[in-house]
Amino acid sequence: MLLSSRVPRVAGGLRPLTIRGMPQTRMQGRRSLHLAPPFLLDDYTPRYQQLSSVDAALKRSQAYAHLRNCNLCPRECGVNRYETTGMCLIGAETVAVNTIAPHFGEEPCIQHSTQLTLLFQGHNGSGSVFFSGCNLRCAFCQNHDIAHRRSGFDLTPEQLADWYVKLQEVGGVHNINLVTPEHVVPQVALSILAARDLGLRVPIVYNTSAFDSAASLALLDGLVDIYLPDFKVWEASSSRRLLKADDYAAAARESVAAMHRQVGDLCFTGDGVARRGLLVRHLVMPGREAEGARIMRFLAEHVSRDVFVNIMEQYRPDAHVGKPKRRQKGGSGGSSSSKPTEDGNDGEGKDEEEVRYADINRPVSKDEISIVRRAAEEAGIWRFCDPPKHDGFAI
Ligand code: SF4
């Protein structure tokens, strides 16, 4: 039974949902919701509200234990963060936060405003908390003021919880969107547990680089509703040079698979806003479309063909990319024999090699984006963050 003769592509040949209890004659001519039933939730209660008090207490004690011997990301520094800091340079008592505000720059299903901006942000936006600091050191970081310079203010988990509730009550946001939280997962866990006692009831979005550890994701199990990992590069040589992490792709593969095991494919309520599941981002990088294609095949073969994917086109040179090369000390005083450092480029003399990371010092091309998209489609992925081609929601 259909509301419209135009049938969107949905999993397993399933048809769009009809409005229960409404005669077909009345439904004809009305707008179809175009919601695929496997991905439609009648209602949704956040996972953290379903935890028993015993499980909540266990999570609290695990959070404190992790801070005393930090293994919360693949760096596995093993430090007691009450006494010192590891590679991320963030301690135990507080988190550094740059911005807390309703945000309208996320995937449509997080925000909810028009059909194009429905996915996360909804009409009222996604309640975003931008954490300062990061456990990666991406040469091209698109948020480097926040991630590398750790600008912001310190908040305790309890103060964070108050902000979540303010975002919900005053901002009317559709979710709490934790941006770059990998290095502060225990504090985040404590804040979610405090906020649940204050009446928080919107989903938690964990917006991550995917450089998470298994221990960290285990701590988040039951607290996070939507995982939003950005799977950046596939090759170890790329992650070593561009992210300063040798084992990034292996960690990202395990993390994304673990996230999917926890929450499954992305699901929506009837208003078109995402409530639970996995949404994978991939920022297409100049000259690295083959790595993007490999990531898409991995997702289809080892995670799910129903995985919701956002192939992002907005890469721009930033942070260290395109900056003048530093010369090694002891060189020949700025002569042409001076050697570049750090970025792995060893050529000299040509104009384009006089800047750092010259190979990614340009926007991505349409061809590069198309190659990644085509690889995803050929692998069987079909749920993309696109404008809808029908009059329903883009799910
Ligand atoms: S979060 Fe990662 S980088 Fe920071 S101290 Fe823990 S293991 Fe080290």
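One-based numbering along the chain as shown.
Yeah, the Cβs are placed from backbone N, Cα and C, and that goes for glycine too.
The annotation domain 'Radical SAM core' is assigned in TrEMBL to 129-213.
Around the Cβ of Cys141 ([4Fe-4S] cluster binding site), the same chain contributes Cys134, Ala147, His148, Asp318, Ala319, each under 8 angstroms and 6 or more positions distant in sequence. The annotation [4Fe-4S] cluster binding site is assigned in TrEMBL to Cys134, Cys138, Cys141.
Here TrEMBL flags 319-361 as region 'Disordered'.
For 343-352, the entry in TrEMBL reads compositional bias 'Acidic residues'.
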Model confidence over the domain 'Radical SAM core' (129-213), averaged pLDDT: 94
For the domain 'Radical SAM core' (129-213), residues assigned helix / strand / coil by DSSP: 33 helix, 15 strand, 37 coil
Protein Cβ atoms within 10 Å of Cys138 ([4Fe-4S] cluster binding site), excluding its own: 24
